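Pulled from TrEMBL:
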DOMAIN    79-159  domain 'Cadherin'
DOMAIN    160-268  domain 'Cadherin'
DOMAIN    269-383  domain 'Cadherin'
DOMAIN    384-488  domain 'Cadherin'
DOMAIN    488-598  domain 'Cadherin'
TRANSMEM  615-636  transmembrane segment
Amino acid sequence: MRTYHCFWLLFWAGQPHQSFLTPLSKRTSGFPEKEKVLVLSGNSRQDLHRSKRSWMWNQFFLLEEYTGTDYQYVGKLHSDQDKGDGSLKYILSGDGAGDLFIINENTGDIQATKRLDREEKPVYILRAQAINRRTGRPVEPESEFIIKIHDINDNEPMFTKDVYNASIPEMSDVGTFVVQVTATDADDPTYGNSAKVVYSILQGQPYFSVESETGIIKTALLNMDRENREQYQVVIQAKDMGGQMGGLSGTTTVNITLTDVNDNPPRFPQSTYQFRTPESTPLDSPVGRIKANDADVDENAEIEYSITEGDGYDTFGITTDKDTQEGIITVKKALDFESKNLYILKVEATNTHVDPRFLYLGPFKDSATVRIQVEDVDEPPMFSRPAYIMEVKEDVPLNSVIGTVTAQDPDAAKNPVKYSVDRHTDMDRVFNINSGNGSIFTSKPLDRETLLWHNITVIAAEINNPKQSSRVPVFIKVLDVNDNAPEFAMFYETFVCENAKAEQLIQTLSAVDKDDSYNGHQFSFSLAPEAASSSNFTLQDNRDNTAGIFTRKTRYSRHETSTYFLPVVISDNDYPIQSSTETVTIRVCACDHRGKMLSCNAEALIHPTGLSTGALIAILLCIIILLVTVVLFAALRRQRKKEPLIISKEDIRDNIVSYNDEGGGEEDTQAFDIGTLRNPEAIDDNKLRRDIVPETLFMPRRTATARDNTDVRDFINQRLKENDTDPTAPPYDSLATYAYEGNGSVAESLSSLESVTTDGDQDYDYLSDWGPRFKKLADMYGSMDSDKDS
């Protein structure tokens, strides 16, 4: 329905007055029952003051979500200055002016151009003004008015969450709080019932209910059991308009989980369990597993197992596997089929976390009977003791029995047993054992001082089944006998002063004994018979395992005797008595008046005169200077250039001339082994030269030629003979190289040494054709030919 708001303009005779806009009281809700007028106050005459109305209007109200095709009419503005001649122009400014709201500048009609949504903006504040078209000046002051958007129910309630999750303990009372859901409506809560929301349950009855105004969900059914059903899905609806017909609604889902409480006792699925185990089962080994079922979960299903009755109460134990909640029956004591082969136990399973609220459901425990059958196995022999301790004297004869071990087969068959010694525990084979009766005897001499305890292991095995064996430790203690003589506790070497007085103590002696004495050692000291009468010293036994050596005369002389050897006899008081003779070395020394030793060297007194310290230092310096001189001389000689023995060019001895450049010929004085040109197999880097002193005294070994040529051998023997008879040869061994090609060489000789033996002249013109490298050689031999021609 379109609403029209009319504004009336009243004219007063007289001069125009300035307009003031004064708003009247505002509406709180709904459409206006009566127009609200803006009053303009002013004077029409000088003696008459009256109030005149300039603008007359109401607050404008506009419905949201207009669906018509034309612009929505808002209202009309009119000024009392408007004569209807089109001289005034109406201007609109403020929120949405020119966009959402437009005004007819001639008539003042206001229209809305778009659909408005109150939830986006509920109020628009605009300003209106009338101006003169011709001058552009305002004829009325600018006035402010409000366009308020009326709400319609166009928004459904929205829950704060799409899905709610909640949990409550099972077996809860009726009316137990579960969770509260909340929905909001974007419509205007101050206008009608568009935003008034009420809640209802669409799914989840009869288990749960919801309060219509608060959205609180509560339990509606007593004793809901998690073991029967754990998950519930509840659908809650929120509807506006107070839940009346035509209201909008929204829904949400609430997932409710029942949490566990301990309302179920453990129960064994069977009343009797049977297990079998061999008698050889080790201690703490499992025999079997039993399990009581509990419908609860987590800590409410934790079970503790115990053995309450039975003849195997102390033979078996039971523990709880925390992962599987099973009871594990284990062996606590060794089993013996021959002694007892059947055990009956009563096992009880109890919840560890009991809820007192549910004790009325009955005791939270259960019991079952367990029968354990022990099976017979072939057991190894069993020794009469877990360990044996034996004693033997160290002087016992060989093959003497020192003790016996006993083992029997615990099985009913009573198989015979044989004994042996584990040689890993008796590597030296000191002991042996009788395999039939288990008697241990010695096989080597014993020495307590070397090893006091012998720890061996004896093995007992069934003769019919040697794999069935057992071991037992045997500790053998070697008892002491008096077989060691006492001896000095240390090596004694003392001195006596030349000016010593008679009966003066010069040394205290002590002794030790390797043997053991139960009442303590008692040693006696005395001089050997051969030294008792003629000794220059006396010995006094202190009766406390020590003795003192005293001087017998007043003075001693290093010149006469520089060292005395005093034999002392030490005896013990055990049986049999053992004694030994030890020697004390006593040196005669020079001492000062306080008895402090100065010198014990007799030679120093015989040759009192000696070299002074300065003389010794001078001798040492001379030796050092001499050594330095010798070293420098040797170094200089090594650096000297070796001079050749052959200085004269007319030396006619046989010599191999070395050619270090091309065409040097015989003018080169370096001895080059030209024989390599004739026979490459004759190369040897270690050849020595005859014209210099050799650097080594050992001649290098020459490798024998593989081919045996008679001409070469005769040639070399001839040359050796000539060198041996040559009086001008060096007086030391030298190496002379004789290169000889033999007869019939295809390459012929290149050496000029043999050119003198040829009958005819040779033509060397071909050397000129060999290139510049042989130019010098061609000039030399070419000039020789020219000399002969001339």
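Glycine too: its Cβ is placed from the backbone N, Cα and C atoms.
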Helix, strand and coil totals (DSSP H, G, I; E, B; other) for the domain 'Cadherin' (269-383): 10 helix, 56 strand, 49 coil
Within the domain 'Cadherin' (384-488), residues counted as helix, strand or coil by DSSP: 0 helix, 47 strand, 58 coil
Counts by DSSP class (helix H/G/I, strand E/B, coil) across the domain 'Cadherin' (160-268): 3 helix, 47 strand, 59 coil
Rounded mean pLDDT for the residues that make up the domain 'Cadherin' (269-383): 91
